[in-house]
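Engineer: Please find one structure pasted underneath; my questions will follow.
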Amino acid sequence: LTQPPPWGINTNIRLTLPVVCFVWQIAMIILFGVFIRYDEESDTHWVETKAHDNITSDIENDFYFRYPSFQDVHVMIFVGFGFLMTFLKRYSFGAVGFNFLIASFGLQWALLMQGWFHSLDPQTGKIFIGVESLINADFCVAGCLIAYGAVLGKVSPVQLLVMTLFGVTLFAVEEYIILNLLHARDAGGSMVIHTFGGYYGLTISWVLYRPNLHQSKRMQGSVYHSDIFAMIGTLFLWMFWPSFNSAITDHGDGQHRAVINTYLCLASTVLTTVAISSLSQKTGKLDMVHIQNSTLAGGVALGTAAEFMISPYGALIVGFFCGIISTMGYIFISPFLEKTLKIQDTCGIHNLHAMPGVIGGIVGAITAAAASESVYGKQGLINTFDFTGDFKDRTVLTQGGYQAAGMCVSIVFGVVGGAIVGSILKLPIWGDPADENCFDDEVYWEVSEPESIPPILEYNNHMIHKQQDL
Amino acid sequence: LTQPPPWGINTNIRLTLPVVCFVWQIAMIILFGVFIRYDEESDTHWVETKAHDNITSDIENDFYFRYPSFQDVHVMIFVGFGFLMTFLKRYSFGAVGFNFLIASFGLQWALLMQGWFHSLDPQTGKIFIGVESLINADFCVAGCLIAYGAVLGKVSPVQLLVMTLFGVTLFAVEEYIILNLLHARDAGGSMVIHTFGGYYGLTISWVLYRPNLHQSKRMQGSVYHSDIFAMIGTLFLWMFWPSFNSAITDHGDGQHRAVINTYLCLASTVLTTVAISSLSQKTGKLDMVHIQNSTLAGGVALGTAAEFMISPYGALIVGFFCGIISTMGYIFISPFLEKTLKIQDTCGIHNLHAMPGVIGGIVGAITAAAASESVYGKQGLINTFDFTGDFKDRTVLTQGGYQAAGMCVSIVFGVVGGAIVGSILKLPIWGDPADENCFDDEVYWEVSEPESIPPILEYNNHMIHKQQDL
Amino acid sequence: LTQPPPWGINTNIRLTLPVVCFVWQIAMIILFGVFIRYDEESDTHWVETKAHDNITSDIENDFYFRYPSFQDVHVMIFVGFGFLMTFLKRYSFGAVGFNFLIASFGLQWALLMQGWFHSLDPQTGKIFIGVESLINADFCVAGCLIAYGAVLGKVSPVQLLVMTLFGVTLFAVEEYIILNLLHARDAGGSMVIHTFGGYYGLTISWVLYRPNLHQSKRMQGSVYHSDIFAMIGTLFLWMFWPSFNSAITDHGDGQHRAVINTYLCLASTVLTTVAISSLSQKTGKLDMVHIQNSTLAGGVALGTAAEFMISPYGALIVGFFCGIISTMGYIFISPFLEKTLKIQDTCGIHNLHAMPGVIGGIVGAITAAAASESVYGKQGLINTFDFTGDFKDRTVLTQGGYQAAGMCVSIVFGVVGGAIVGSILKLPIWGDPADENCFDDEVYWEVSEPESIPPILEYNNHMIHKQQDL
């Protein structure tokens, strides 16, 4: 009678999940043992480095330039992304918990992958890490968490870990191509993080299309308190986005300017998001989905140009249009994607990351191409676009072209990578939930009683029993 | 039959809200285009400034002195104020969401208004902004968010935007008078932020008095989880208040001392708040309203004196009395205000901001008047009170007088400004809710089902149907 | 008929709580007045100090090295510990609120106690405080909050205040012995904070053993939303733990390295926690209790060694085993402790703090003993272990021995101190709840209606009345 469930509906992950966690973590330890070392600013030999380089004060350690931003980014990754996805009525454990799991794995793997591609020391064969490496690892993880948004509630934690393994790998490669080979600038990752992550997730969701997802319709949508939990995620993302876009920009004016631009851009996005959201309802009521998501689109879209001299009103303009486009995406494009293109995008990452990411890439390309010595100053232009070494003769127009090329690379990596990884995830071995059990924490979590409202229960029971007595 | 509702009960904001958002945001873009530029520390020409001013390291950029405090203040504005107001059982969307909206508009308008009054460059006609401008804009917004607390649940988002437009304008003028003309010190804004914002909101609430507000009595008060959400707001305000009071104080000892004073003062406030709250109930039970609000009064009351040499035990004393006074305000004064003065103060901002703000102004005046070279040191006294330029001959006694004068200015601006703006908001065109629909998110938000408790529902239905079968 | 309840079941704290709060706060004010002063970096005389010490920039003020870490630690104390304990279905007010109260008192008392032991100026008889003192006070408080976890829901706020008074006192003494006399290193407090706090709380809980605690069984366990609130605590602890372990380490590479180590260690812990949690259930489902708590064990266990050259893979290894051991502690050891040793440990602090703290002490001793000049560099070794002054001839092996001795001291102080304080708390005068009322906010808080679900209530009532009509 109790037959083993057919492949694909067996959500028992008692074997696969522990095995993957243990094996991968042991692999991380071995690879870290072989490759990863402290860099000169986090090593006890820093005292000698200081003497050698005539550094007079410990405050010159890169740690003090970047640590506050790093912690903000860290909050965005774990609280921001995690809580943003708690909006579903019964998938908050999965939202916060699996986000926690895959980010924790992803950042280790990212340190290795990004290390091999960006900072492998040819002499020692080692990767030397410091606070900037931690930020980059968090950034890399962000790409995978964006992708998680598209498949939220429809995959198993094992699938998520696989998705993260490949996602980080693809990320490191496309990042290497875009930043190192094309020498494009993308400090806040409009292209390398958001565009890539968005299309990676959307393509995976497309491959994993579930025609009968309506069977779990009762679990879709939010409840009052889950919407408020999600606002915790929204606000921490929104507030700390200036840190995100400035975390790895140049010391001094570079970080300063990226903060100002992002701060302004996001403020502008809020107003147009509210406007379109209100317009979309008969009586002008606001939709929480829009407020939770589209208000963030401006931060995404300024990921590339935040460090440029886009000027304060330029930042406002970008935010203005992103709020409009992203909100309209939720109203018009998401239903279209689901119906026509068969892309089920749980969190609407197309509207929050993919589309604004592409806008960000375009804005970056245009702003770069329009840069001039009169605005930036001679040295300022060189510093901002890093026109040094092999690239010292590059013109801003060429730079604009390479920026545009970078955006295409990120899309291609997202789509092709997503298609391949999606196919792997389609194998019936990963313990993903049946259509009728999607968006339900009960599948992978020990869930306690739904809500303890003894008084109401008691009151009703009391009434019921009173009637029975009658 | 379905007549259009009479003026004032038509809560359809589908026209007004989008129009206001769009028009004002476009105005912001144009005004920013005309007036706002990066300052020399956030401009790519910083490299030249550094060379010119013999600055040896990027770490000297003001960004690194103020950015951690700025982010803390930013969290206070959006998460702190937003979540503090989620305590009502069914107005959390409005609390967090409208707070988000008006802060996002307000900070843009504040950059312009404060720029025109404080930092308009006479030669270029431009306003140059940096991280300190962002902090000041957030501060200015805080004044309006305080005012929001008095009218929470009783106004439409359009009214809130109007209130913010005028609030920021009034703020910039009173701030100019207090800080520039009177040369009073008010780093944490006891006077310019809290006293002004408190009386501004209270007066508006007085003008908008609703005699039949009891009709929405069922929506007043909290539920268990809404009280916990509100504690998120409380704690982030409480924890980051040292950053608030030190964000724009002098580099070095100024910021350092303001943090210590605020940290101590707030700790002291918690104990006396708990004591009075416990005393107020027959069996010594604590009231969440007090814990959520009065614990913060110490931070408000040290807004002026935080940077002074008030000494650690002085800070404790201020906190000691603020906890007592604020909690007793909730117990005795709020009911009196509502009954006798017809001021309906949803969040009790009189007890959390207005009264402690006035205390803060008085403490500041006394501490300034009592300052001495023996305590401050000769240069320390000059630095702390900025006795330079036109004010180099001012004595501490005179300074104390001007501090007191500054407090009066903030009260006058709050009351008079609030009366005028309140009259404007009384016009029956803003879509505010009917008395019986106050404190209800359903008026302005698409609200999902209240809580998904299928099992309980199912259980009860099951019992009901079982009975029916009987 | 309405007799006064017998001793120990009278939970009326209307006299005791206000008296304790007022008297202790007044005592704090007096003691602060006598002893506490600003240190030279937070005093207005800093301008003279700068000139005297040839300090060229305000950025050299210790404030800028430590303030970002301080604020993160502050968040951990109030939001981290507070929300971590909200997991119980009906004790969230007590979790967040009493945590707030005892931390606010504890930090004041800690400034005095730690000041007397560590930094009393022999000439002036004063304690000079700065930002590092604030961090140390927060650290000291952490020990008491850990202990609170063991008795959560079973004690009155007055008992908690008494527990904190003695806890801070004991902490300051053991810290003095471990750090100053034994000259052990313990920057993140594996020993002085976690081991001490853990055993202090466990022993108190053992003394206060309640054989009939099952009478409040209905209040134990979590509900869906309380588990999500607890994740707020978990994540803020987890994210900011790198700041915790680096907050008072050496400027420069010391802080930098401690962050990297803690970041990596915690990531590793998440994976093994998930693995063991999944293994522990028949179908591989995850248990929220493990995710909320055991994921943090790595941070605890690296408290001593975080600043050492444990190397990145070493940090991963520590995290790896901590995740396993802590999670297995929840599965196997906690039930054993309760059944056999009669220790009722509400939050499982044995698995989260005591055991990982001991591991941290051992890891610290081994890592210290294994330190070498070839890895650390000559000066690096001296700096890291502070082999100066009286200790300039100490070898790393001796240091390892003293580290191990330090751990024993912390255990002894925890157990003996806990036994004494537990006996005091057993006196029937503190207003603790009866067995059947444990874990219930109603005892000490004015609690509003449990949840406002009028529609469901109405729907059911509607059905009920419909039936009655039938």
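Please read every residue number as a count from 1 along the shown chain.
Placement of Cβ uses the backbone N, Cα and C atoms for every residue, glycine included.
Because the structure is a prediction, the values reported are computed rather than measured.
So TrEMBL says this about it:
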TRANSMEM  A:15-36  transmembrane segment
DOMAIN    A:62-443  domain 'Ammonium transporter AmtB-like'
TRANSMEM  A:70-88  transmembrane segment
TRANSMEM  A:95-115  transmembrane segment
TRANSMEM  A:127-148  transmembrane segment
TRANSMEM  A:160-179  transmembrane segment
TRANSMEM  A:191-209  transmembrane segment
TRANSMEM  A:221-240  transmembrane segment
TRANSMEM  A:260-279  transmembrane segment
TRANSMEM  A:291-310  transmembrane segment
TRANSMEM  A:316-337  transmembrane segment
TRANSMEM  A:349-371  transmembrane segment
TRANSMEM  A:404-425  transmembrane segment
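Describe the structural surroundings of these features, if you would.
Structural biologist: Listed as Cβ neighbours of the transmembrane segment (A:191-209) (distance under 8 Å, sequence separation of 6 or more from its ends, same chain) are residues 139-140, 142-151, 154-155, 163, 167, 170-171, 174-175, 178-179, 184, 300, 303-304, 337, 341-346, 349-350, 352-358, 360-361, 364, 406-407, 409-411, 413-415, 417-419, 421-423, 425-426.
Within its own chain, the transmembrane segment (A:260-279) is flanked in space by residues 188, 238, 241-242, 244-246, 285-287, 290-291, 294-299, 301-302, 305-307, 310, 312, 314-324, 326-328, 331, which lie at least six positions past its ends and keep a Cβ under 8 Å from the stretch.
Within the same chain, residues 84, 87, 185-191, 193-194, 227, 230-231, 233-234, 237-238, 241, 244-246, 249-250, 254, 257-258, 261-262, 265-266, 268-270, 273-274, 276-277, 318-319, 322-323, 325-327, 329-330, 347-348, 351-353, 355-357, 359-361, 363-365, 367-368, 371, 375-376, 380, 384, 403 sit at least 6 positions outside the transmembrane segment (A:291-310) and bring their C-beta atoms closer than 8 Å to a C-beta of that stretch.
If one looks beyond the transmembrane segment (A:316-337) by at least 6 residues along the same chain, the residues whose Cβ comes under 8 Å of a Cβ in the stretch are 202, 264-277, 280, 287, 289-290, 293-295, 297-298, 300-302, 305, 310, 343, 345, 348, 350-352, 355-356, 359, 363.
Using a Cβ-Cβ cut-off under 8 Å and counting only residues 6 or more beyond its ends in the same chain, the transmembrane segment (A:404-425) has close neighbours at 147, 155, 159, 162-163, 166-167, 170, 173-174, 177-179, 182, 184, 186, 191-192, 195-208, 354, 357-358, 361-362, 364-365.
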Engineer: Which listed range (A:70-88, A:95-115, A:127-148, A:160-179, A:221-240) shows the maximal number of Cβ pairs under 8 Å with respect to the transmembrane segment (A:15-36)?
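Structural biologist: Looking at each of A:70-88, A:95-115, A:127-148, A:160-179, A:221-240 in turn, the most contacts to the transmembrane segment (A:15-36) are made by A:95-115.
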Engineer: If we skip the immediate neighbours and take only residues 6+ beyond the ends of the transmembrane segment (A:70-88), which ones have a Cβ under 8 Å from one of its Cβ atoms?
Structural biologist: 95-96, 99-100, 103, 131, 134-135, 138-139, 141-142, 145-146, 148-149, 152-153, 219-222, 226-227, 229-230, 232-234, 236-237, 240-241, 243-244, 247, 288-289, 292-293, 346-347, 439
Engineer: Under a Cβ pair cut-off of under 8 Å, which of the recorded stretches A:127-148, A:160-179, A:221-240 contacts the transmembrane segment (A:95-115) most often?
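Structural biologist: So the stretch in question is A:127-148.
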Engineer: Take the transmembrane segment (A:127-148) and find every residue of the same chain, 6 or more past its ends, with a Cβ under 8 Å from one of its Cβ atoms.
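Structural biologist: Distant Cβ neighbours of the transmembrane segment (A:127-148) are 35-42, 62-63, 66-67, 69-70, 73-74, 76-77, 81, 85, 98-99, 102-103, 106-108, 110-116, 118-121, 160, 163-164, 167-168, 171-172, 175, 189, 192-194, 196-198, 200-201, 204, 247-248, 349, 353, 418.
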Engineer: Along the domain 'Ammonium transporter AmtB-like' (A:62-443), what average pLDDT does this model show?
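Structural biologist: 96, rounded to a whole number.
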